[in-house]
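This report refers to the structure that appears directly beneath it.
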């Protein structure tokens, strides 16, 4: 096996030219009793998994400085080598995550106590000095030379072991992951919490060096509104009393330090490793992935960007229709960047635990929607429950089994069921990966808005609310409305997207705050001029990135939006009724601004609050209110989305008579989703094919359309194909007891697990099946 390679085509990984779907689960060997390892790994294989993922905890394997145990001499659960050999014996691939930091609800995130105690200077600092030593993840100054020195020593011990078990050396390790979610131990979410370590803030320290590298003094005077004779006069901001551009620069500076840190680790790992090197969610932000993409591209780092999906934490798992907007957004922005990096998309932490209970239908909704939206490689976290060794616990005391698919005692929990069948579908229908998701509509993200939303900071002079969680990303947000209106969308970064990339979309939605860079405003102008259809709400920007007046977009559109302050206290906001043609009293929240100019399309009484402007070859819809998701009998909000599509001539790729059936087109497959736990039925038209569908409860079907499977040319099937053999197809339909199969030639010779109930037409068969799975021989 020596010399075998792990390669990829940007969608899937290939092991010696054989494309595979990475379908794995997390078993942290150091938390599971040694004598359970084989049983748990065999159970994982029986669930259809082909990969096991694990951290390697630095402080577990080096409990005292210079004293290492990788063979279990001091504790059987330190036998890393034995674990790797067992996984290989059982035919499982391995993804390994050796830190230095692993997070993982583990003591110090894996950083040894002895290192912190002997070198407290490596700890990050607040503006007021040191943090309490007992915080669960003591934040480290990533670029402190002492920390880097010890991190490299750790790597020099663990990486030779990893090298021996690489797939390319005859082992089973197919990827090595750098650190874990390098986000300053999640304090990046609070702009002034870290890092004021001396090596950063001292005169001519890292902060001043970064400013010199990125700005002239003249640029900084323009941005900060002050005069400077030297960079050393510019102290890091410590509160929101500083100019917003300076606070944003401090935020981006810390992101840059993370990137620098990741580069140092990457270069060390690459000395030992020739398989893909990966990184999970840099910064734990989304739009800020722009900074990661630009950095690794500039430095020519071959790092595979991976992501994660969590929808509860130590509470009952809750993934229903109102989470679809956020899911569409996160998968969209992730697809955008991995397509630019040209590496396979992979969710390394797909939530399968850390919840009081996970209902199998809600688990199915999340697990099936990820591949439907372009993430075909999945790892379920945490797949196998365990216990924390004494002295290494963090959040959980002794327990590390919080409703994992396989419990500490070996029991298999209910959400194993969707994990099994989704894996069967993905592995038996590799061509699904090549039937790519491509939307006609995009949401345009402007990265600086993410930080303001994250911090909850609205400059006093701003008029629009920065609460994007409520109005955009959240359960009632605009993006959930688009998802539930059957408007599948991509996400693009407005700062780095080219005009050509933007024009691939018939329509782009933009949520605007008070400011937007002059360059982005110019791009949106060009997009409309060249035939694009813009929807922008709930205001138009009137400031540029330096918070200086800039009304280029407003001037081009010839539209004035009323200057009215949104209210931030949710108890003090008004509820208003908007009318439009065919729309009677659609409720909107917070202030609604008058829009002057263009053709009126929405109003409150005599006040116009929405218009359409036709410019050049395209158009723009300007709304002075926040369009959100409300589900009701009258369903005004989804009807208003329909109206906007119609006004701008944007047609859906799929027609569904029942709008509660969500359709995601994938060329030769159509993913149908019932996000609600009630029966839905309707007619579907797609690619010249029309059929009826019934879904008795919450769940997902992968419908093949005009595709050949196992030598059978299907016109369509209202069930999910999950395997079979030559001219045999195994199907699964758990949402109805009848399924419709249409074929181009031949006939059905037999049905195992069901029977032909009716022949509706030439080669169109209705199958009644007693069980959820049935197999047809053609």
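One is the number of the first residue shown, and numbering goes on along the chain from there.
Heads up, the Cβ atoms here are built off N, Cα and C, so glycines get one too.
Same-site candidate for substrate binding, as annotated by Swiss-Prot with 104, 105, 180, 181, 308, 349, 381, chosen from 55, 231, 446: 55.
For the substrate site listed in the record, the two most distant Cα atoms among 55, 104, 105, 180, 181, 308, 349, 381 lie 16 Å apart. The DSSP secondary structure for residue 381 (substrate binding site) is strand. All protein chains included, residue 308 (substrate binding site) registers 18 other Cβ atoms within 10 Å of its own Cβ.
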